[in-house]
Amino acid sequence: MGTYKIAVLPGDGIGPEVTTQALRVLERVGARFGHTFQTTQALVGAAAIEAEGDAISDATMALCQESDAILFGAVGGVSRYEGPNSKVQPERALFRLRKELELFANLRPVRPFKALLNASTLKPSILEGTDLLVVRELTGGIYFGKPSEIRQTPHGLEAIDTLLYSEGEIERIVRTAFELARGRTKKKVTSVDKANVLSSSRLWRRVAERVAADYPDITFEHLLVDACAMHLIRRPASFDVIVTENMFGDILTDEASMLAGSMGMLPSASLGTRQTAHGTFGLYEPIHGSAPDIAGQNKANPIASILSLAMLLRHSLSLEAEAQAVERAVEQVIDAGYRTEDLQEAGKTIVGTEEMGRLIAEAVTATSS
């Protein structure tokens, strides 16, 4: 029994739709387990730009600081705020949250449901046994390095981006990966880099080797990012924990999402070192974008948002039984043959966003511990 404060930032596109279903499930969790979840919603992304003049306001940042966790929807996909000429872009909200709240570790689990093995473009025999976790460094690297600009030269335009990592930034993310591996079955860490080309990756590899020496119980290997991209398709079940830098992680996790059949199935957590009274403070969001092409049509898959809620319960609120109840509810609904449009399969029942959320919420109540 407890009281928990959650900042809810639905955002743009399908963000509000999928977040609504996650909150529906949260309400059932509270009723079943006797918890009080105090949720406060605020604008973020294009919705915040239009109402408040910025992708995220100082007041919303303060709300997040005062909460135990953040449940995030999606931002972007609004054409008038896209492109290099836009003064304020919706995605700035996420960058600010990650940077100012020091959420340096992005966790993206990939475990295809047995009932959805045919939803992937890969053979079920290749997918079987896949249960991996990508740990992506989130606040450094080329996305944050300066200078980053397009500039005029006597010979025409040129562009520059800066890929910068400090020893400390590398060590804390690699150590996070090893600590997570200790709690998993395979107890294996794969460090992914491009050490045959990039100086930043050569430092990454050096630091990773040093950290690995502190974890003799964990199997450790290096893998070049291009080889990792290949092996994710060829032998995904061989991986356990993958740790890598910001851009590589961004790309590899989108690739890995197809192992589960749809980006609409995959949750994520962004964590730092800050501890609240209940657990590790973090931001939780589906890995998919705002999908403006299907927004408002009751077509979006809310499962990634609901599974992100399960991660929130586990990591930020230390409610393991509650997290497992949500995950079992999702699996039960999938096993019963219900699918959203992104997972169409012959002989299965296609339902909309709201219906999928309702089914999972009801399963939370019905599922025994």
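Keep in mind that glycine also has a Cβ here, set from the backbone N, Cα and C atoms.
Binding of substrate is annotated in TrEMBL for ARG98, ARG136, ASP226; the matching candidate from ARG92, ARG108, ARG234, ARG235 at the same site is ARG108.
Most Cβ neighbours within 10 Å among the binding-site residues ASP250, ASP254: this distinction goes to ASP250. Separation of the C-alpha atoms of ASP226 (substrate binding site) and ASP250 (Mg(2+) binding site): 14 Å, rounded to the nearest whole number. Within 10 Å of the Cβ of ALA291 (NAD(+) binding site) there are 23 other Cβ atoms, across all protein chains.
Rounded to a whole value, the Cα-Cα separation of ALA295 (NAD(+) binding site) and TYR143 (site 'Important for catalysis') is 28 Å. Checking each of the recorded positions (TYR143, LYS194, ASP250, GLY289, GLN297, LYS299) against ARG136 (substrate binding site), the C-alpha distance stays within 10 Å for ASP250. All protein chains considered, the CB of LYS194 (site 'Important for catalysis') has 19 other CB atoms within 10 Å.
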